[in-house]
Amino acid sequence: MLKISFITSLNLISESKWVFSQTFLTRQFSFLIPCLLKSCIFSQSLHLSHHLPSIHAQTVVSGLQSELFFNNLLINGYSKSGLLHEARQLFDQMPQRNIISWSSMISMYTQHGQAEEGLSLFSTFARSFSFSNSSNEFMLASVLSACLQSPTVIDCALQVHCLAIKTGYSSDVFVGTALVNFYSKTGFMEKAMSIFNELPVKNSVTWTAIMTGFSRIGSHDLSIRMFSQMRVTGVMPDGFVLSSLISSCAAVEFIRGGRQVHGFLYRSGIEMDVSVNNVLIDLYCKCCRVGTARKVFDRIIAKNLVSWTTMVAGYMQNSYELEAISLFSEMNSQGLRPDAFACTSVLGSCGSLVALEQGKQVHGYAIKANLGSDEYVNNALIDMYAKCDSLSDARVVFDVMEGHNVVSYNAMIEGYATLEDVVEAFALFRRMRSLLICPTLLTFVSLIGVSASLSRVNISKQLHCLIIKFGVLLELYIGCALIDVYSKCSFVDDARIVFDGLEDHDLVVWNAMLFGYSQNGEGEEALKLFKRFCALRMTPNAFTFVAVVTMASYFASLFHGLQFHAQIIKAGVDYDSHVLNALIDMYAKCGCIQDARALFCITNKTDIVCWNSMISSCAQHGHAEEALKLFNVLLTRKMVPTYVTFVGVLSACCHVGLVVEGLCHFYSMKCEFGIEPGIEHYASVVNLLGHAGRLVEAKEFIEEMPIRPTATVWRSLLSACRTYGDVELGRHAARMALLLDPHNSGSQVLISNMFASKGMWEEMEKAREGISHSGGVKEPGYSWIEVEKEVHVFIAKGRVHQEAERIYSMLDCLTLMLKVYACGPQIPQVLVSSWQF
DNA sequence: ATAGGGTTAG
């Protein structure tokens, strides 16, 4: 008696006592061996499993090695301890085997991921024995679960199913449940459901199998409904059923349901083991209750790897990057070995935080932990490096890894898209298509993004076709990208078609469309759309206001601008730097430079964008000295000027003809501030030199430009040539401008005006013919002013306005005054002239 | 015989 109680408390005995106790295990105590074995098996603890060989040896010494019962227990013990080889050796040496020996072996292989081995053992068994006589439900269930892991699943399982029917075991709870589980795991939910419905007796495992089947195919609602059915039948739910239920609630973010289950668990006294708690963490994280999730996490006494990983993933998904990283490092310091799941999540957080150093450390750890071949880890690494501006490292991971999937390609393409590397992005896209990897929504979002930033409308149209061809749903993300690209490429009507084709419109899509109209100067449409937006009682945000205020700037409509400003103050976004910036720009464009200045004064003057706006506004209003002064103040405040700053500065220099100062600023851009000048800057310098009459210098400057000059640059020189009457250079400039932009009539108008001013009528006639030959149509110039909420539009030579008579008489008066005060030579302007009606 | 955690985004 004493010894039996000693053995049943084996879990508690220490190593030394165990060694001592072995001496008692002689033949007369052989009845103790099964008890010992059971203790070892059920304790599942490693420090006991290494006693198995000695117990095994004891059975041999005790002459019990031929006892079937002992050997089956030993197989079970070895199998639970992962000592597969030892189990197999024993199995092969056993003088007798029964169906339990075979089943145990098959289950063992299945549990350790060697289902093939298990199935081959089963076929040996089936060949040597007549199945119908000697099989039992345990065997069938083991084989079914082996089938679930093997690639030959379907065939084998169907055979087992037939056998089960033949032997009458198919209505057994165990076999039936295994069948339900099999079909639901392999996606044959209808089959699983029909077996499920026919089962006379169901237990909680059966319900778990069917419920998890439904959640696996995404029918979480169905799974939740199954639970209510189960309650009606009176089967008591266990931890497994409730786990499954909670994960369904988590998947559909059904927080109320999840909370109810949590409460039920609490009240019913069902043991809240780690697994249940883990699903609860997941539930609260998915429903954005990170704090509650953390409380559940903290209360778990025996946290396992999944608990930690779920919490790290939860932090990551809710953008708690710092918490995710610190919990991950805590895992390490507690001696846990984070697996591929944990690494994937924490890498996501490193990427969002642009924490390259931490990301690299995780990479190092992943390699050491032998996780370097996990596809999720590799994809997360690509993403992390791409987000941390280390695209070359991302590419190395991409090139080295095996088995790329869509996510790998998407992450890599997005990396190139951010760098506007259209060539590499599309090279990868072609490669994935040639490998028949189906692109997803995100692939297209990235690719449209590149084509938008480079204004490549042809590429965008092709992508749009592909989106339709691949059946990628035209949902918000992609719709927004398309609206963006079409607007940027001036195809604003196409953008509108996309906008109208979307079923739902969220704020971001509205903003994109409003921006599209603003960018293209379609003030009227933008206004109409904004009215609809307001009628739908949508709440605008800072982006919306930036779009509409920009629209008011295009209109130069102070009336609208003031209204928007009032709404901005009401919405409380009046200190947003983008909004302020748009407002400064609006007031300046509406002629209210004082208001612009006043707004600039209330900004905290830390945002360079506002400085840029103010400098440009001053330049536009001819306050060049103020613009340059602002620029100097900016430098003394140790702020770093940007690309746009110099556009303003150079234009200010242009306005007042500060050639030397302008050139100085231009050269300092690259030398002092490391900003590569763009086409706007080059154009400004050409303008600067041209206005000053330094035409040859301007021409040489254009020819030495490292980037390809645009037609605008040549037209700027042409205009200067006209002013200074340099026909030869003008002709050259016009030729270059037309070469680059044959459809723009502006160049031809300029050159023909120049010929006219020189009295070169024949040449002028030729130039005018050129206009009609090239299909160039001179767009009528028009302008408008706003008087008491009414917009008056004026077109050159127009006579439509009701007060046309008075306007023209005033104009004549002004023209006369100009002639009197004009200091320069009279330049006849034949084609475009708003003065000579 | 049953369960739980992961990557890309306008």
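Note that Cβ sites are derived from N, Cα and C of the backbone, with glycine treated the same way.
Among the features that TrEMBL reports, repeat 'PPR' is placed at A:67-101 (among others). Model confidence over the repeat 'PPR' (A:67-101) is summarised by a mean pLDDT of 83.
The repeat 'PPR' annotation in TrEMBL covers A:203-237 (among others). Each residue of the repeat 'PPR' (A:203-237) gets a DSSP state, and the totals for helix, strand and coil are 27 helix, 0 strand, 8 coil.
Remote same-chain partners of the repeat 'PPR' (A:304-338), defined as residues 6 or more beyond its termini with a Cβ less than 8 Å from a stretch Cβ, comprise 274-275, 277-278, 281-282, 284-286, 288, 290, 293-294, 297, 345-346, 348-350, 352-353, 355, 358, 362, 365, 369. Among the features that TrEMBL reports, repeat 'PPR' is placed at A:304-338 (among others).
The feature repeat 'PPR' is assigned by TrEMBL to A:405-439 (among others). Below 8 angstroms of C-beta separation, residues 375, 378-379, 382-383, 385-386, 391, 394-395, 398, 446-447, 449-451, 453-454, 456, 459, 466, 470, 472 of the same chain, each at least six residues beyond the ends of the repeat 'PPR' (A:405-439), sit close to that stretch.
Under the heading transmembrane segment, TrEMBL lists A:435-454 (among others).
The repeat 'PPR' feature in TrEMBL is assigned to A:506-540 (among others). Cβ atoms under 8 Å from those of the repeat 'PPR' (A:506-540) belong to residues 476, 479-480, 483-484, 486-488, 490, 492, 495-496, 499, 546-548, 550-552, 554-555, 557, 560, 567, 571 of the same chain, restricted to positions at least 6 beyond its ends.
Per TrEMBL, transmembrane segment is recorded for A:542-562 (among others).
Residues or ranges marked as repeat 'PPR' by TrEMBL: A:607-641 (among others). Note on the repeat 'PPR' (A:607-641): residues 577-578, 580-581, 584-585, 587-589, 593, 596-597, 600, 647-649, 651-656, 658, 661, 673, 675 of its chain, located 6 or more positions outside it, place their CB under 8 angstroms from a CB of the stretch.
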- Item | Helix, strand and coil counts within the repeat 'PPR' (A:506-540) (DSSP) | 26 helix, 0 strand, 9 coil
